[in-house]
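Novice: One structure, as structure tokens, below. Some questions next.
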Amino acid sequence: MCPVWLLVAVVVVGGSRGAVSQCWEHPSCQELNSDSSMMECIQLCHSDLTAEKPVIPGNAHLQPPPLPDPSSSSSFILPSSSSSSSSPQSKRSYSMEHFRWGKPVGRKRRPVKVYTSNGVEEESAEVFPGEMRRRELASELLAAAEEEEEKAQEVMAEEEEEQKQLLQEKKDGSYKMKHFRWSGPPASKRYGGFMKSWDERSQRPLLTLFKNVINKDGQQQK
């Protein structure tokens with residue numbers, strides 16, 4: 001009976017005295033004679049009593065902590081370790097890609113390529129609206145510059161044609177200084193009127209000149 005009493009002492013140390021006394025007074029445990037059967041009976045009775053233990057009302061910190069179950073503790077420890085190992089990975093993989101500031105500054109986002117029906121790749125304007133706007137402005141400026149160049153080339157071609165026509169006219173006809181005022185003056189005004197013919201001029205000034213000379217000679221002789 002010594003092992004039985006040792007078992008009872010261990011149970012008394014591990015549990016409360018009221019529960020052990022209840023299990024010892026239980027008729028199913030009193031009818032047993034072997035040590036192993038009595039040990040099993042006391043363990044079963046103690047587990048039943050602890051399962052039926054009432055919850056003490058009041059603050060949660062004043063209630064006694066629940067007894068840990070070895071089978072359940074291992075099952076709880078494994079998920080926690082797995083969750084702790086998976087939590088950094090999940091936090092690491094999460095990134096706010098739906099915001100523009102979700103990515104770090106040094107890392108550039110790749111533009112989304114849209115394949116049109118013609119098979120040409122076009123970048124979506126939702127990813128980089130500023131960049132797309134700048135490209136549109138650059139294309140507009142290039143188109144305006146090309147139009148100005150075309151107009152300048154047309155003007156130069158017209159000027160060259162006019163110069164060719166002028167050269168052809170000079171070769172065919174006589175040279176006329178149309179860009180001077182005296183290019184084509186009337187005959188009466190050429191050289192101040194000294195180049196008139198004898199018929200065109202009046203003979204009265206010459207006659208008066210002769211008369212004046214004769215009169216002067218007569219006066220000197222007197």
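Including glycine, each Cβ sits where the backbone N, Cα and C put it.
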Novice: Look up region 'Disordered' in Swiss-Prot and report which of 148-170, 171-193 it refers to.
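Specialist: Here Swiss-Prot associates region 'Disordered' with the stretch 148-170.
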Novice: So how many of the residues in the compositional bias 'Acidic residues' (148-162) end up helix, strand or coil by DSSP?
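Specialist: Taking each residue of the compositional bias 'Acidic residues' (148-162) in turn, the totals are 15 helix, 0 strand, 0 coil.
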